[in-house]
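Here the structure comes first, spelled out in structure tokens, and everything after it is commentary.
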């Protein structure tokens, strides 16, 4: 392993909850997912991950993993994104990842429209838009502690702070 590669590995180990062996296994998994050998995973390749293709939030997951917004996921983004799903990841870090799912425009806040869009992805056609909007409005009213019409991370955390969120954000990829 070259100096650059070992520095990347070191950074990944520091920035995630994965050890060297887990990162190596995930690298092999990444290479299998990268069907065209481009060194990145595109949306179609991402959707072949078990548990992702059937997830109603698959498109949002892709966007959150794709930190630089270029439409593909490189190995570092893959590892960083998967780290949120590790059983070793703290509840706080899992909540930060969940917050990113809702924060579509990446401005550090969840607005009414963003909450509606993500919840619509989850409920699909099971609720009429009017019913869903009522739920979104009620959620925003209850969670928006400072009354600015949007949720910051602290408000989001307080609204969803429960063991079920952390356990729901655990995925066995290794």
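Don't overthink the numbers, they just go from 1 along the chain as shown.
In case you wondered, yes, glycine gets a Cβ from its N, Cα and C as well.
Confidence annotation: the domain 'EF-hand 1' (21-56) carries a mean pLDDT of 92 in the model. Swiss-Prot lists 21-56 with the feature domain 'EF-hand 1', giving sequence analysis as the kind of evidence.
Here Swiss-Prot flags 34, 36, 38, 40, 45 as Ca(2+) 1 binding site, drawing on sequence analysis. Cβ environment of residue 40 (Ca(2+) 1 binding site): 34, 72, 73, 74 lie under 8 Å away, each six or more residues apart in the same chain.
The domain 'EF-hand 2' annotation in Swiss-Prot covers 60-88 and rests on sequence analysis. Same-chain residues lying 6 or more positions outside the domain 'EF-hand 2' (60-88) and placing a CB less than 8 Å from one of its CB atoms are 8, 11-12, 15-18, 23, 26-27, 30, 38-43, 46, 52, 94, 96-97, 100-101, 104, 118, 121, 169-173.
Swiss-Prot lists 66, 68, 70, 72, 77 with the feature Ca(2+) 2 binding site. DSSP assigns residue 66 (Ca(2+) 2 binding site) to coil in the three-state reduction, outside any helix or strand.
Nonlocal intrachain contacts for the domain 'EF-hand 3' (90-125), taken as residues 6+ away from its ends with a CB within less than 8 angstroms of a stretch CB, comprise 56-57, 59-61, 63-64, 81, 83-84, 132-133, 135-137, 139-140, 149-153, 156-157, 160-161, 163, 165-166, 169-170. The feature domain 'EF-hand 3' is assigned by Swiss-Prot to 90-125.
Sequence annotations record features per position, and here Swiss-Prot assigns Ca(2+) 3 binding site to 103, 105, 107, 109, 114. Residue 105 (Ca(2+) 3 binding site) is surrounded by 10 other CB atoms, counting those within 10 A of its CB over all protein chains shown.
The residues of the domain 'EF-hand 4' (131-166), classed with DSSP into helix (H, G, I), strand (E, B) and coil, number 25 helix, 2 strand, 9 coil. Residues or ranges marked as domain 'EF-hand 4' by Swiss-Prot on the basis of sequence analysis: 131-166.
Annotation source Swiss-Prot lists Ca(2+) 4 binding site at 144, 146, 148, 150, 155. Here the Cβ of residue 144 (Ca(2+) 4 binding site) has 17 other Cβ atoms within 10 Å, regardless of which shown protein chain they belong to.
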Original post:
Excluding 103, 105, 107, 109, 114, which residues of the same chain place their Cβ within 8 Å of the centroid of the Cβ atoms of the recorded Ca(2+) 3 site?
Top reply: 102, 104, 106, 108, 110, 111, 150
Original post:
Which one of the binding-site residues (38, 70, 72) has its C-beta surrounded by the most other C-beta atoms within 10 angstroms?
Top reply: 72
Original post:
Tell me, which binding-site residues from 66, 146, 150 are within 10 Å of residue 109 (Ca(2+) 3 binding site) if we use the C-alpha atoms?
Top reply: 150
Original post:
Using DSSP, how many residues in the domain 'EF-hand 3' (90-125) fall into helix, strand and coil?
Top reply: 24 helix, 2 strand, 10 coil
